[in-house]
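Participant: Pulled from TrEMBL, these are the listed features:
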- 21-230: domain 'PNPLA' (DOMAIN)
- 25-30: motif 'GXGXXG' (MOTIF)
- 64-68: motif 'GXSXG' (MOTIF)
- SER66: active site, nucleophile (ACT_SITE)
- ASP216: active site, proton acceptor (ACT_SITE)
Amino acid sequence: MTNYRNFEQHLAVDGSPKRILSLDGGGLRGMMTLQVLHRIESLLRQRFNDPELCLGDYFDLIAGTSTGAIIAAGLSLGMTVGQIEDHYRALGNKVFMRSFWRRGLLQDSYDASAVAEALRGVYGPGGLNRTDFRTGLLVVAKRLDTGSTWVLTNNTKAKYFLPNPDRAETIPNGEYPLWQVVRASTAAPTFFAPEKIRIHSNQNPARKDIEGFFVDGGCSPHNNPSLQALMAATMEGYRFNWPAGDKNLLLVSVGTGKADPRVDTGGKFAGLAAAQGLLALKNLMEDCSDLVETLLQWLSVPTPTSREIDREMGHAGPVPGGHALLTYHRYNALFTAEWFKSALGRDVDAAHLDTMQEMDRPENLDALCELGKVVAAQVKPEHLPEHFDKGVRMG
């Protein structure tokens with residue numbers, strides 16, 4: 001049996017370079033992500049001559065938001081991409097069943113209890129402090145009742161991970177069930193009800209049971225959790241304390257498709273204030289993702305996967321101060337007619353693009369799988385530099 005790093009060794013600061021995998025939110029469009037991960041898993045199995053290698057053996061930290069959290073949690077437990085895809089298809093077909101009576105206005109579109117049941121079935125009852133993690137995990141969720149973004153990890157050194165004798169009523173993050181943390185990150189407003197997580201126990205009469213109301217991590221600036229993952233890995237407050245540098249950190253980021261930002265202002269509902277507000281909110285999420293991508297390009301060495309941010313900026317750079325913080329690769333699709341024509345060699349109309357972008361259509365899974373394989377073809381062996389193989393195997 002190949003001797004890969006165990007959980008503690010993945011998180012340890014021991015002079016070896018660190019590898020981070022970051023997975024965007026995007027509903028069932030996560031099927032595209034899985035195809036890219038199939039490609040990465042296949043390349044690594046060839047490199048290490050091991051048909052049983054899983055991505056949790058290679059990456060030291062796997063970050064995910066929303067649907068990315070579902071995938072990240074499975075990978076961090078040592079699941080193969082194939083195993084996760086099987087669970088993913090089953091979950092999608094079970095959860096996203098449309099109902100005439102649930103339209104997302106007065107009632108959430110889908111039954112959150114079905115998600116909870118499915119996630120419990122995949123991950124079991126264990127918390128973030130479970131002992132069977134293969135590697136590091138980071139999940140982003142938004143706490144609605146306080147307006148704060150929560151970054152939850154399985155890092156045992158994190159500030160709130162262990163019980164605090166001075167605040168016995170506070171439930172440590174390590175005791176939060178994994179399935180519930182993932183469910184919190186996927187609780188997209190109008191699609192699913194918020195997830196309630198107990199923050200304080202009723203041991204202290206002055207602070208009775210307090211529940212946090214959590215919604216989808218995509219409601220924070222970190223639907224693309226790449227920048228948050230870099231911050232967690234290198235900022236002192238998160239207590240990973242990994243050294244930065246283009247030879248020290250490799251970050252691989254996988255998206256679920258970038259929407260076409262252009263809007264038909266002459267459309268039937270474009271003049272309505274509500275429609276304009278919704279469009280502005282949608283564009284705000286895209287702006288956050290673009291900013292994350294811009295900053296990471298700016299802070300890293302130029303790579304073949306860097307895209308043109310906009311016509312004025314082009315590719316972000318040069319690195320401020322001349323010292324890159326990381327090596328960074330980003331893989332994603334663009335939901336534009338031009339990209340589809342270039343990538344797939346076929347013309348698509350606006351209606352088809354709109355349908356493909358929807359996050360809750362199980363009937364799109366096969367088409368998204370095909371699209372994901374096109375994106376996966378962008379991944380080259382040299383994007384995972386052999387320098388970063390140091391420390392993957394022990395002994």
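Each residue, glycine too, has its Cβ placed from N, Cα and C.
Neighbours and distances for these, please.
Facilitator: Residue counts for the motif 'GXGXXG' (25-30) under DSSP, helix first, then strand, then coil, are 4 helix, 0 strand, 2 coil.
Residues of the same chain lying 6 or more positions beyond the ends of the motif 'GXSXG' (64-68) and with a Cβ under 8 Å from any Cβ of it are 22-30, 33, 137-140, 185-186, 188, 216-218, 220, 222-225, 254, 256, 359.
Packing around SER66 (active site, nucleophile) is summarised by its Cβ count: 32 other Cβ atoms lie within 10 angstroms of its Cβ, all protein chains included.
Reduced to three states, the DSSP call for ASP216 (active site, proton acceptor) is strand. Residue environment of ASP216 (active site, proton acceptor) contains 27 other Cβ atoms, counted within 10 Å of its Cβ in all protein chains.
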Participant: How does the motif 'GXSXG' (64-68) divide up by DSSP, counting helix, then strand, then coil residues?
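Facilitator: Split by secondary structure, the motif 'GXSXG' (64-68) comes out as 2 helix, 2 strand, 1 coil.
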Participant: Averaging the per-residue pLDDT over the domain 'PNPLA' (21-230), what integer do you get?
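Facilitator: Over the domain 'PNPLA' (21-230), the predicted model scores a mean pLDDT of 92.
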Participant: Could you round the CA separation between ASP216 (active site, proton acceptor) and SER66 (active site, nucleophile) to a whole angstrom and send it over?
Facilitator: 6
